[in-house]
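Peer 1: Before I ask anything, let me first share the structure, which is written out below as C-alpha cells.
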C-alpha cells in the first residue's frame, strides 16, 4: 500500500513538471511570434551620412538570409557599400525598392522576420520613426497648462540648473532624421533624457544638427545664449570679410593717341674689306697627273682646293671683338683654353672665291652692239681690212687657269682683314709647295 502511494506521488510530480514545461514553451512561442516582424531602417554608414540611395536589393521578399549575407547595396555621395545581415532571418516586405533616391537615415526601408516564422501570419509593425516627429509637432498645440490652484503653495523660483522644457520662439526644431553625435547620446544617457527630447532642443550645429552645447544649455548647465553666440561667430567667420575692400577708381580715358615713337636707328652696316692673293696651281696639276698615271684615279682641282681650305681654317687668330662660341666658353670654364700657351685662336669658316688672272698681252673679245646681228652679203663686201686687236690690262676671268696664276679672294669685315690674309697665305703655301699632303 505504501509503495502504491509513493508511485502516485511520483506520477503527480512528473505530470506537474510536464504541464509547467508546456506552459513555458507555449508562452515563449507566443512572445517570439509577436516580436518576429521588425522594421529595418536605413543605416548610417558614416558619422556624417544623413541620406542615401538604394542601388539594389540582393535579398528579395520571402527569401531567407543568414548572418553575413549582403542584403542590399547603398550609394552615398562618396562610395557604394554593402549592408550585411547581423543574424539569420527572412525578408518579409521591402518598403523602398531598387533605385530609391534620397532615403533619410532612420527611415524604414524593409520589414524582416526571424528564421522559422510564418510570414503570412505576421503583421507588419507600425513605423515608429515616421510617427515620432508628428507627435512632437502636435505636442505644443495640444498642451494647455492647468490653471493654478490658489490653495497650492507658491512654487519656489527655478534655479539656473533647472532643465528647460520649451524651445525659444522663432527657432526651428531639429527635425532629426540622422543619428545623434556620440557626445550628445552620452549626455542623454547620463542625464536620464529620452531621445524624443531632442525634438524640443534648439540645434545650432551645421545643417541643423544637435550639438553638445545645445543639450547643456537645455539642461541649464551653461548659459542659454552661449550656443547661439558660438553659432553666430562661426557663421560670421565662415564668410570672407570684404568690409575693408575699396573699389578702385576707374582709369581716365586717354585724351588722344600718343605720337608714335621714332623707330630706333639701325646700326651702321659693317665695313667690308676685300683680300686677294694670287696662287699658282701648276704644282697641283702635276700631282693630279701623277695620281692619275700611278693609281688611275682622277682628282679634280676642286678637291684639292676644298682640302686646302679646310686645313687653312684651323687655329686662326681671333679678330678684335670676337664673341666666343658655347663650346669655347665651356672650354674656358674647364681651363682648356690655356693648354696652348694662352694663344687665342679659333677655327675659321672661310671659303675663297677663285678666278683666273688674264696675263698681260692677252686679248679679250669686246662685245659690240652689232655682235648679235647677223651679217649679210653687203656687210661682208663693205668690211674694212682686218686690224690687229689691241692688248688690254690684266683682268679676272671666270674659271681656273692651269698655266697662269689664279686669284683667291675673300670679302670679310674690316676687323678680320688680318685673319683673312693669314688664311689665304696658308692656302697658297699648301697648294704651291705641298699638294701631295692634301691626298693623304
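Quick reminder: no glycine exception, Cβ is built from N, Cα and C everywhere.
Note that TrEMBL annotation is computational and uncurated.
According to TrEMBL:
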type	residues	note
DOMAIN	37-113	domain 'Lipoyl-binding'
REGION	123-179	region 'Disordered'
COMPBIAS	145-156	compositional bias 'Pro residues'
DOMAIN	179-219	domain 'Peripheral subunit-binding (PSBD)'
Peer 1: On the 0 to 100 scale, where does the mean pLDDT of the domain 'Lipoyl-binding' (37-113) fall?
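Peer 2: Summarising the domain 'Lipoyl-binding' (37-113) by its mean pLDDT gives 89.
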Peer 1: With DSSP as the yardstick, break the domain 'Lipoyl-binding' (37-113) down into helix, strand and coil residue counts.
Peer 2: 0 helix, 38 strand, 39 coil
Peer 1: What does the DSSP secondary structure composition of the domain 'Peripheral subunit-binding (PSBD)' (179-219) look like, as residue counts for helix, strand and coil?
Peer 2: 26 helix, 0 strand, 15 coil
